[in-house]
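Record features, source Swiss-Prot:
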- 5-70: domain 'J' (DOMAIN)
- 133-211: zinc finger (ZN_FING)
- CYS146, CYS149, CYS199, CYS202: Zn(2+) 1 binding site (BINDING)
- 146-153: repeat 'CXXCXGXG motif' (REPEAT)
- CYS163, CYS166, CYS185, CYS188: Zn(2+) 2 binding site (BINDING)
- 163-170: repeat 'CXXCXGXG motif' (REPEAT)
- 185-192: repeat 'CXXCXGXG motif' (REPEAT)
- 199-206: repeat 'CXXCXGXG motif' (REPEAT)
Amino acid sequence: MSKRDYYEVLGVSRDTSEREIKKAYKRLAMKFHPDRNPGDKTAEANFKEIKEAYEILTDADKKAAYDQFGHAGVDPNRGGGGYGGGQGDFGDIFGDVFGDIFGGGRRGGQRQAARGSDLRYNLELSLEEAVKGLTKELRIPTLATCDLCEGSGAKKGTSATTCGTCHGQGQVQMRQGFFAVQQPCPTCHGRGKIIKDPCSKCHGDGRVEKSKTLSVKIPAGVDTGDRIRLAGEGEAGEFGAPPGDLYVQVSVREHAIFVRDGNNLYCEVPISFSKAALGGEIEVPTLDGKVSLKIPAETQTGRMFRLRGKGVKSVRSHAVGDLLCKVVMETPVNLNDRQKELLREFEATLTGESKKHSPKAEGFFDGVKKFFQDLNS
């Protein structure tokens, strides 16, 4: 009996993508799979036909031969190593195609030992430490490779054997009606190996709890939220697998004087009324020590002064930020009688000349006066 066209079997056109061919196959395979149609010979024949068409049209070489020569190009009886046909195994083909949907499908080879877990260490620094950089000694609790069994988990002189239930895969396939579900092997608990004589130190795990001390170089310029990766310093992998990594998470404590914003530092510097009015020099703090700052006469409170290059050196670009100092005029307190008298005398000298000496205040009170006039008009 002549075979149907493979494209017709799957209900697709000749220019259909492989992805669409797979989608068509999945839809038809679900419909005609023998598990869904027990005892139905027609459904079984249809499934074989669908499976054959799928295997040809998803193999680039076989598809090219079929497109050029038709069924003769993939007929094994005509020589040339064409399509091998055969009944095949319903469970195998179904598991391969639907494995991504139902959680696994077939696995080739034995289960690989798991890589060690990554670790996180929260490191708090002062602003000075973060800006200048330093080397820190960190004590890290972790899982290390057992030195008695060298990570095998087995008693010295013995070795683990491949699990006979899952054949080293660590999982077994449980068929539940139409579906095939992968589950951890109940015999080896997902390891793929059986340890008959476990190590007396690690009790078969291959790893032991241990604390280690690491000398970690913290680069200058780090800030809160930065993370330093130390490759291979995480937990040991199981049974000789590679270790995980250690991530040092940086946070910087608040400073009593400075506030950091990126590479710039900010601070407030109090000045006296007389210094603001007459000008002069004041000392301001930096992370490198005190420096002199010249205050011009008639400086108003809140004025910002920039000290270039006195900020933070970027850990990435190596550009250096600035220190921005905001002067805040401090009202004198705890005045004695003489000081109060001098201030009254000074206040008296300003009478009638407020516009000249306090232009902002004069403008403010003029605005208030106009506001009430408009309100009452």
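Cβ coordinates come from backbone N, Cα and C, glycine included.
Within its own chain, CYS163 (Zn(2+) 2 binding site) has GLY170, CYS185, THR187, CYS188, ARG191, GLY192, LYS193, ILE194 as residues 6 or more apart in sequence whose C-beta sits under 8 angstroms from its own. Around the Cβ of CYS185 (Zn(2+) 2 binding site), 22 further Cβ atoms fall within 10 Å across all displayed protein chains. Neighbour counts of Cβ atoms within 10 Å were compared for the binding-site residues CYS149, CYS166, CYS199, CYS202, and the top value is held by CYS149. Contact count against the repeat 'CXXCXGXG motif' (185-192) (Cβ pairs under 8 Å) is highest for 163-170, out of 146-153, 163-170, 199-206. Under 8 Å from some Cβ of the repeat 'CXXCXGXG motif' (199-206) lie the Cβ atoms of residues 145-149, 151-156, 236, 238-240, all in the same chain and six or more residues away from its ends. When Cβ-Cβ distances below 8 Å are used as the criterion, the repeat 'CXXCXGXG motif' (146-153) is approached by residues 159-160, 195, 198-202, 204-208, 236, 239-240 of the same chain, each at least six residues removed from its ends. Assigned with DSSP, the residues of the repeat 'CXXCXGXG motif' (163-170) fall into helix, strand and coil as follows: 0 helix, 0 strand, 8 coil.
Distance from the CA of CYS166 (Zn(2+) 2 binding site) to the CA of CYS146 (Zn(2+) 1 binding site) is 26 Å. Same-chain neighbours of the Zn(2+) 2 site beyond CYS163, CYS166, CYS185, CYS188, judged by a C-beta within 8 angstroms of the site's C-beta center, are, in sequence order, GLY164, THR165, HIS167, GLY168, GLN169, GLY170, GLN171, VAL172, PRO186, THR187, HIS189, GLY190, ARG191, GLY192, LYS193, ILE194.
Same-chain residues with CB within 8 A of the center of the CYS146, CYS149, CYS199, CYS202 CB atoms, the Zn(2+) 1 site residues themselves not counted, are ASP147, LEU148, GLU150, GLY151, SER152, GLY153, ALA154, PRO198, SER200, LYS201, HIS203, GLY204, ASP205, GLY206, ARG207, VAL208. Between the CA atoms of CYS149 (Zn(2+) 1 binding site) and CYS166 (Zn(2+) 2 binding site) there is a gap of 25 Å, rounded to the nearest whole number. Helix, strand and coil counts under DSSP for the domain 'J' (5-70) come to 48 helix, 0 strand, 18 coil.
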